[in-house]
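**Q** Below you will find the structure I want to go over with you.
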C-alpha cells in the first residue's frame, strides 16, 4: 500500500513540476525539385535570402518569393531532396566564418575548409549579404596600393579603397596581374582574399602552390567555387569573400580582394535565375544582374577615420570575347568600377607583357593616391606613348617620316621595352622611379632597342649595388619632386653608367 502511495506521490510531483516547452516550426513541403532548385509551399513568411533546412540536414536559400510558392536553391546535390520532402525555416540568413584563422587557408563558398588542414572555430561568423558602407562612413581615396608592376603603378595607379577592373580576352594575363598584386603586398600589412569562381581546380591549386612558395599565403585567404561546383556556390562565392574582407576592414586593416572572375559569376546567376523561372533580359541575363555586381563592388571602400580608416580594394576580373568590351556584362562592370586595365591579345601575342592597352586603360581616382615624386616621374609617359601610337598608325601607310617623327617612334619602342616585366618579379617604388627618370629625361635615346632588356637588368642591379648612387636614391623624398641639384647628380651617374654600358664595360 505504501509503495502505491509513493508511486502516486512521485507521479503527482512530476506532473506539478512539468514545464511544457512548445517549439514552433514553420514547415513546408517540396512541390517540384530539379536542376538544383526546389519549389516549396507552406512557408509563406520566409524572408529573401533566408536559410531553409530540408530533410537530411540539407540547406537551401530562398531566392524567389511568390504568392504561393517559394523558390529555393539547394546547397547540395539535388538527389538528397525529393518531392514531398519537409522543409523548415531557420529564421537566419546565410553566414560565413571570419577572422584571422582564415589566413593561409583554402575554403569553399560556405567557409568550409577544403585544404585538408585543421577545422575552423565557427564561433565568429558574419552574414554573407550585408549593406555597403554609407557615404558618410567613407572618405576619398588618398593612399596608394602598389602592385609592383611598372605599367600599372605609373599609368593606371590603384588606391586603397578603389575598384579597378581587369578586363581582357582569355589567356591575356588577367589572373597573373592579380596574383602579382598579391605577391607585392608582402610586408606591407595588407590582407588579401582571392575568390576563384568557375575556375579549374588544377589552376587554383597552382596558384595556391605559388602563393605558398613565395610566402604570400600567410596573409591570403583563397575561396574556391570551381567549375564543377553547383551554381548556387559559384553565385555565393564573391559575397563570402566580401564578408571575410569586411571583417578585417572593420578592424582597421587594409584588404585586397580579387574576384576571378565576375563573367562566370554572372553566368552562374543567370543559370539560377532561369531555373527559378525569372524573366530573362538582354543576353538572357536577369534584370537585376547590374544590381548584383554593384551591390558586391560597393562593399569595397576606404572607411573614414571615425570608422577606423580600414579599406577594401577590389580587383574584379572580366573575360571578354574577341576584345568586345561593349557586351552587356563588361559595360555593366566598367560603369560600376573606378577604372579599368584593358589587356589586348594582340599585344600579348607580340610579346608585350603585361599586355596593357594604354589608350583604353584608366584609373579614375588612383592618381590622387600617387606620391608627388611618382607623379612627377611619370608625368610625360602617357604623352610619349600617345604620340607613339598615333605615329605608328600613320606610319603603316608607308609615308616618309621626318627625323623628329622617327625619333618619337624609336623612343616609343624603347619605352615599351622598359615597360615589359616578367611575372612574379615586382619592382619597388624606388626602382620604378629610376626607370621612369630614364624615360622622362630621354636618356634611353642613346640605347639600342635590342639592348634594352639587358640594360634594364644591369641598371636595376647598379641601383641596388653601387653604394654612393644607392645613397642618393634612398634620400629621395616621395612627397616632393626632385630638387634640381639632386636631379643633376642622379642624371650624371646614370649618364656615366649608360656610357659604360654602350662601351661594353658593364656586365
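Using the three backbone atoms N, Cα and C, a Cβ is placed for every residue, glycine included.
Sharing the feature lines straight out of Swiss-Prot:
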{"type": "BINDING", "residues": "168, 169, 170, 171, 172, 173, 174, 175", "note": "ATP binding site"}
{"type": "SITE", "residues": "361", "note": "site 'Required for activity'"}
**Q** Of 168, 173, the binding-site residues given in the record, which has the fewest other CB atoms within 10 A of its CB?
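**A** Ranked by other Cβ atoms within 10 Å, the binding-site residues 168, 173 bottom out at 173.
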**Q** Quiz question: given the binding-site residues 172, 175, which has the greatest number of C-beta atoms lying within 10 angstroms of its own C-beta?
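**A** Compared across 172, 175, the most Cβ atoms within 10 Å surround 172.
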**Q** Report the same-chain neighbours of residue 169 (ATP binding site): residues 6+ apart in sequence with Cβ closer than 8 Å to its Cβ, ordered by sequence.
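**A** Long-range Cβ contacts: 319, 320, 321, 322, 323, 343, 345.
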**Q** How long is the line from the C-alpha of residue 171 (ATP binding site) to the C-alpha of residue 361 (site 'Required for activity'), rounded to the nearest angstrom?
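**A** On Cα coordinates alone, these residues lie 18 Å apart.
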**Q** With an 8 Å cut-off on Cβ distance to the 168, 169, 170, 171, 172, 173, 174, 175 Cβ center, who else from the chain surrounds the ATP site?
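**A** Same chain, not in 168, 169, 170, 171, 172, 173, 174, 175, Cβ within 8 Å: 319, 343, 345, 348.
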**Q** Tell me, if you would, which residue among 170, 174 (binding-site residues) has the fewest other CB atoms within 10 Å in the structure shown?
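**A** Comparing Cβ neighbours within 10 Å for the binding-site residues 170, 174, 170 has the fewest.
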**Q** I want to verify one value. Collapsing DSSP to three states, which class is residue 175 (ATP binding site)?
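**A** Note: residue 175 (ATP binding site) is helical by DSSP.
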**Q** What number of additional C-beta atoms lies within 10 angstroms of the C-beta atom of residue 361 (site 'Required for activity')?
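**A** Cβ-Cβ neighbours of residue 361 (site 'Required for activity') within 10 Å number 21.
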